[in-house]
Amino acid sequence: MADDSVLPSPSEITSLADSSVFDSKVAEMSKENLCLASTSNVDEEMPQVEARVIMVQDAGKQEELLKALKTIKIMEVPVIKIKESCPGKSEEKLIKSIINMEMKVPCVKMDSMEEFESLDSPEFENIFVVTDFQNSVFNDLYKADCRIVGPPVILNCAQRGEPLPFSCRPLYCTSMLNLVLCFTGFRKKEELVKLVTLVHHMGGVIRKECNSKVTHLVANCTQGEKFRVAVSLGTPIMKPEWIYKAWERRNEQCFCAAVDDFRNEFKVPPFQDCILSFLGFSDEEKHSMEEMTEMQGGSYLPVGDERCTHLIVEENTVKDLPFEPSKKLFVVKQEWFWGSIQMDARAGETMYLYEKANTPELKKSVSLLSLSTPNSNRKRRRLKETLAQLSRETDLSPFPPRKRPSAEHSLSIGSLLDISNTPESSIHYGETPKSCAKSSRSSTPVPPKQSARWQVAKELYQTESNYVNILATIIQLFQVPLEEEGQRGGPILAPEEIKTIFGSIPDIFDVHMKIKDDLEDLIANWDESRSIGDIFLKYAKDLVKTYPPFVNFFEMSKEMIIKCEKQKPRFHAFLKINQAKPECGRQSLVELLIRPVQRLPSVALLLNDLKKHTADENPDKSTLEKAIGSLKEVMTHINEDKRKTEAQKQIFDVVYEVDGCPANLLSSHRSLVQRVETVSLGEHPCDRGEQVTLFLFNDCLEIARKRHKVIGTFRSPHDRTRPPASLKHIHLMPLSQIKKVLDIRETEDCHNAFALLVRPPTEQANVLLSFQMTSEELPKESWLKMLCRHVANTICKADAENLMYVADPESFEVNTKDMDSTLSRASRAIKKTSKKVTRAFSFSKTPKRALRMALSSSHSSEGRSPPSSGKLAVSRLSSTSSLAGIPSPSLVSLPSFFERRSHTLSRSTTHLI
């Protein structure tokens, strides 16, 4: 912390400088006398002074402060040393520096200013700890040029193990340490003095001029030179409330006023003090922009109102203004509106002033030409191409006609024409990544007689060139700017959001750049015998590698764009600015990103057309067939991956919906088969009457109940990406644990009921789980057959029918009577409350005789169909003796199993991974 400077002085002395005296001397030094000097000799002669802390009034009564002071051993002290500058000259230099001095003297308490004279001694370097910077004692100490700090400084130094800092001004806390502030737009001197004082008390520094060293500009208006400089430098522009709110939090340890979460709340919005009006926009666009104006701190009025400060004009539709604007009114293009939102500050109007176009037709044609021709410095050639462009009737744009804004929201994969159906020539957009848009060969040798094969090959090259330029536009105008560091106003999107939106677009671009170059060489050196199929066979593996990740997640990419556009105004403005550029053809990012989805089918059609116009004796005939086959394999691979992706997405949806769902549910080999809504009929897996959802997977069954109370959250609704979990995890059961599926007969007291006979590996008894189906979409018979089939597949048995057993409800004491009655619901509520109070669980036993009969059936009826009702009595008698050596299937041991149902992982499910 050494800071050296010099000042003429009459003699060479060494002394300790009081903070205010030290600061005043430094301020009085002129630039003519100021030069640097070494401080290597500062420690040669140290003064005989002790460092001491004085606790003023309430500070001496706070035990936390006194305890913190015991851990602080060092204090920063200013030192001034005066010596001759050069031999033989009378001038002398004053050197200042900061040294660390050990605190050997214990702290002293001071209750009033009457004690100050006895404590103010030149033998001590005193630092006063004051809890209130507004009382009279503070003012008296400040007038006496004393070093003053607040309690937060002591606590922070003790926590971090740092010495007590030196400050030439009273320092209450360090929440604005290392911040350099500048002020603009304040007319009342009293308000400005108050703000400056608070900044100094929090450790901040004030600068008169706004330059690159200023970290924050505190503005009371959105005009002036300082404001424009801050905007150009990307300096955060803050409201005065930022300082006041930071001062309110002065006693919070480790609080920093510059953190984004706190600072962003007080940034000056782009349209503060602005009154906008909009001309030439559709009603939908105008309404959206008016809402955005209010969100960004501005207001709006009808066109022509004298109070308006800005008129936003849609330059593509407005040919003339309906009135003569006043000199105070800024008439700007819509790019100013979106640019201000994107940079999170009011942009300079001079760069976006609206100008009436005298010859819009010519201007449009020239702009189109500038996109489609190589850069050239020859005026004659440019003029010739311009005239040729004006004489053409076809539009050179590779994009289809602009859709209505409302159509963008209903965009789907099959809703747009492929790019290959529209272009007539190759279009270049200037510099692109890796020089992708380098000019094509200006003259392509045309055969004397253009064959049909050559025409199709040329069309294939032209569409490939246009497609590469579309990919280059996506990367150059959208992805690269979003990924750039040091964006004005901070990053527009998070890195994971950018990755989700663009995915493997750069990889797809690299592959098609190579294909385009090979096709360009083939067209430039055309020969009927040259193979086009070899080009696509050459890059078939690359296409398989790059396309599935993007196509499979296109819908997710589209959803991410829509979500971010709604939640992040800067991203919405960013898209609007780029969409208006000619490179995009006035198409949205979603419309551009659908091109890779459409490209491979389009190429396959062109290759088929090329094969039709290729002679049988041409070697390329068979090569084209292989190339078409390779493209079909890529598309098949995409479809298979998409199905897998959708299956995995379904599992993720279950994990998000079920609170406490086991992590081992996520597995690459697992897929969701069926979801069934039921009601529990027994005491297990949860209380009778509870709504239970069964998720059947190909190898396990997830059991979850409806949450009684949804988890609350303190997060903003705008930040929530998905609804809270509506279900609570009970148990994840491998299908191998299901020994029997019981189809309960339909009676007056029992409807749509079924049960599962389960044998957990950690238990020595069987468990009966009974349910009533509540969903009408899936018949009970279909559900039970589906369940039995997957259980049989899991245990590697072919006879799935033998897993099902038809039973009477009385045999297992199962009934659905009065499940929805008011009395039944009240009884269940009382029972549940009683369980919570007593912390006890009561388990009703399933009749042993019925369970013995069911278990005997599973052992003795291998390879036979379930017994009919007529033979049920005989079956019961014959099965009794066979169960003599089998432990009783009583549910006495159920508590040890189902009391663990709320655990996320259990020993019975860990092998599912």
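Cβ from N, Cα, C; glycine included.
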Fill in: Among Ser376, Ser443, residue that the record in Swiss-Prot marks as phosphoserine
Ser376
Worksheet item: Which of the listed residues, Thr373, Thr422, has Swiss-Prot annotated as phosphothreonine?
Response: Thr373
Worksheet item: Within the domain 'BRCT 2' (266-354), how many residues are helix, strand or coil going by DSSP?
Response: 28 helix, 17 strand, 44 coil
Fill in: Model confidence over the motif 'Nuclear localization signal' (378-382) (mean pLDDT, whole number)
52
